[in-house]
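Just below is one structure, and these are the notes that go with it.
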Amino acid sequence: MIERLKKVSLPALSAFILFCSYHYGRILGVICFDIRQRTSDNSLVVRNRHQFKWFCLSCRLVSVTAVCCFCAPYVAEIEDPYEWLLQCFRLSASLICGTCIIVVQICYEKELLRMINSFLRLFRRVRRLSSSKRIGFGGKREFFLLLFKFICLVYELYCEVCQLWHLPDLLAWFSTLCEIFLEIGSLMIIHIGFVGYLSVAALYSEVNRFARTELRRQLRSLERPAGCPVGRRQLRIVEYRVDECISAYDEIERVGRTFHRLLELPVLVILLGKIFATTILSYEVIIRAELYPSKIGMWGLVVKSFADVILLTLAVHEAVSSSRMMRRLSLENFPITDHKEWHVKWEMFLSRLNFFEFRVRPLGLFEVSNEVILLFLSSMITYFTYVVQYGIQTNRL
């Protein structure tokens, strides 16, 4: 059994998790396109399905209407200020993100399909650079991040579906189902953002691996003692490989920037909503735990909301740090002897990397990095301490 587990490919498991997540997004109506193999070369390509897209849009519009007609009046009657604030922000975030999904599916459909096809084409192009064949997605870090994200998805679906068991009538069941469909669909935006930034990180990592090993070895082969010139054929081969590597870096940066621009606003809304929901849920669990029969389930929601923020931040950090890795591969690491035109080419490329640095700044407000995790952790610890002290002073704990 242990030997079989050792033979399991982590990139293949990551690809399987992505396959399951893709169909999960199709069920929720967020992903309304097909990913199929092209018959000519068996490569993956994205194709639009107009009928399924309009079916998804119709379901989302029905859900938005039902939530506005049945759920919003119920929220308006809530007397508890913390519960009212939590429900208002949750419904507002779901409606805003649901509207963003509709706008993207209608107005930015061609740009979205072009971007996804660019991702798939980039993966094929990067795999062709290396002589070793790789199957699947990413490596160990990508697998463990995807595994934690998949666990969060399963727990999220379980908590939402459990609301349907003990409803009094059909109208309540229908309105709750529409609310769940809209809320989970809106939360898919942060999951899609996580997968997109992790894909950018995986692309950068594969090109960095090629540059550190195979490209460096080919460049070192040009080092010859005096009187032993390098053949023109070998020069052309190495120059072609250098041009391919530089072009791959440029295209990854362009596709990553396009992805960030498309999902910038909805990811920011969901990210702020997650942080806000984590603070309100933690207050509810600590101060008013007697109102909730399942304390473990409520703490699970707090941890899950916290994990969504952490995983998105880690995916962004992986993408940014992988994009900066190329700077360390300076001209000293690539001995190109007396070929001055290559020196100029590398200097221009490295200066372009410094100028067009891949960063994630939602609406220019702040930069998503590991500092966000530290800030979030310190803020939550301070907040928990304050809530516990408040509960002790008011005799609620």
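Each Cβ is built from the backbone N, Cα and C atoms, and glycine gets one as well.
Feature annotations, reproduced from TrEMBL:
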- 12-33: transmembrane segment (TRANSMEM)
- 54-76: transmembrane segment (TRANSMEM)
- 88-108: transmembrane segment (TRANSMEM)
- 143-166: transmembrane segment (TRANSMEM)
- 186-207: transmembrane segment (TRANSMEM)
- 262-286: transmembrane segment (TRANSMEM)
- 298-320: transmembrane segment (TRANSMEM)
- 372-392: transmembrane segment (TRANSMEM)
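For the transmembrane segment (186-207), the residues of the chain that approach it from at least six positions outside its boundaries are 18, 21, 25, 28, 30, 93-94, 96-98, 100-101, 119, 122-123, 126-127, 129-130, 134, 137-139, 142, 145-146, 149, 153, 156, 245, 248-249, 252, 255-256, 259, 263, 266-267, 270-271, 274, 308, 311-312, 315-316, 318-319, 321-323, 325-326, 358, 360, judged by C-beta separation under 8 angstroms. Away from its own ends, the transmembrane segment (372-392) comes close to residues 275, 278-279, 282-283, 286-287, 306, 309-310, 313-314, 366 of its chain (Cβ-Cβ under 8 Å, at least six residues beyond either end). Nonlocal intrachain contacts for the transmembrane segment (298-320), taken as residues 6+ away from its ends with a CB within less than 8 angstroms of a stretch CB, comprise 141-142, 145, 148-149, 152, 155-156, 159, 187, 190, 193-195, 197-198, 200-201, 204-205, 256, 267, 271, 274-275, 277-278, 281-282, 284-285, 289, 292, 358-360, 368-370, 372-373, 376, 380. Packing against the transmembrane segment (262-286) from elsewhere in the chain are residues 82-83, 85-86, 89-90, 93, 96-97, 100-101, 104, 108, 111-112, 115, 186-187, 189-190, 192-193, 196, 292, 295, 298-299, 301-302, 305-306, 308-309, 312, 362-363, 365, 376, 380, 383-384, 387-388, 391, 397: each is 6 or more residues past its ends and has a CB under 8 Å from a CB in it.
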